[in-house]
Amino acid sequence: MPNKPANPDDSINRRKFIHHTAGAAGAALLFSAPLVSHAANFLDAEPITVGQIMDKFISQIPNAPFPNTVDTLKAGNRDIQVTGVVTTMFATIELIKKAIDLNANFIIAHEPTFYNHADNTQWLEHDEVYRYKTDLLRKHNIAIWRNHDYIHSLAADGVVKGAVDQLGWQKFSTSSQYIYNLPPTTLANIIAHAKKSLNIQMVRYIGNTQQVCKSAIYMPGSAGGQRQIEAISKYQPDVALCGELSEWETAEYIRDARATGKTTALVVLGHIASEEPGSAFMAQWLKQHIPEVKVTHIPTGNSLSFM
């Protein structure tokens with residue numbers, strides 16, 4: 001768990017002061033060229049660190065830092081001086097190599113790096129894939145921070161906001177950030193729009209593609225069967241869009257609901273596709289709040305292919 005400093009803005013405010021000092025010196029270049037050089041050197045001497053970026057984001061979260069969270073460093077340390085940031089869903093080996101090519105040594109991933117929720121690695125210590133990945137990270141001194149619990153805990157869930165922005169549903173929002181009142185349209189149109197907006201090749205669904213839908217729930221990622229079913233029962237949407245599900249839970253509930261005469265439809269987008277917009281949101285947040293750091297969003301895409 002990262003230790004939060006008393007004021008995470010201190011170092012960034014110091015850099016802004018230095019920037020303004022250098023700018024003033026530049027305006028009087030003919031009289032004070034040495035001062036400009038000195039200010040630039042002083043600026044270069046204080047790069048931002050991994051820990052400072054983490055703390056800056058965590059400071060935006062209500063009731064943070066959390067005592068129990070999976071949002072920890074999976075590689076590297078807080079003191080690494082950041083040369084660039086990559087945001088993504090998964091810190092895959094392929095993505096790590098892309099970060100190296102970009103001279104970016106800080107990866108902010110939404111999901112686990114080592115194939116389980118808590119990133120426990122004892123059981124992987126003798127695995128060749130795990131050792132290749134960790135050796136690659138150590139060789140290039142790359143830090144990986146999982147940003148899952150915190151981004152979901154923003155006043156407006158950053159993952160949902162990123163997806164809603166891509167879907168263009170901002171104007172259809174309600175008092176709940178998960179329910180949207182849409183202009184009447186068919187289920188087929190909603191599916192086509194979601195596929196295009198979120199760059200999805202195929203989806204799974206339950207429902208009549210010609211049925212008219214006016215309300216939708218958006219539940220990205222893996223919310224779990226109970227939460228999905230409770231939300232559907234509470235809000236009674238015409239269509240529920242989710243990331244992933246256990247086929248024996250939510251899908252069977254929808255099948256039974258439709259057998260009772262309800263017309264609720266279900267669209268399964270895929271976990272990665274439903275939450276990747278959150279990593280795009282994170283990249284934009286960094287560009288806005290820490291503009292001096294180069295930030296690149298790289299989608300990892302789906303690991304599975306379709307036939």
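Glycine is treated like the rest: Cβ placed from N, Cα and C.
Per TrEMBL, the feature divalent metal cation binding site maps to His110, His271, Glu275. Marked as signal peptide by TrEMBL: 1-39.
A simple way to gauge crowding: the CB of Glu275 (divalent metal cation binding site) has 26 other CB atoms within 10 angstroms, across all the protein chains here.
His110 (divalent metal cation binding site) falls outside any helix or strand according to DSSP and counts as coil.
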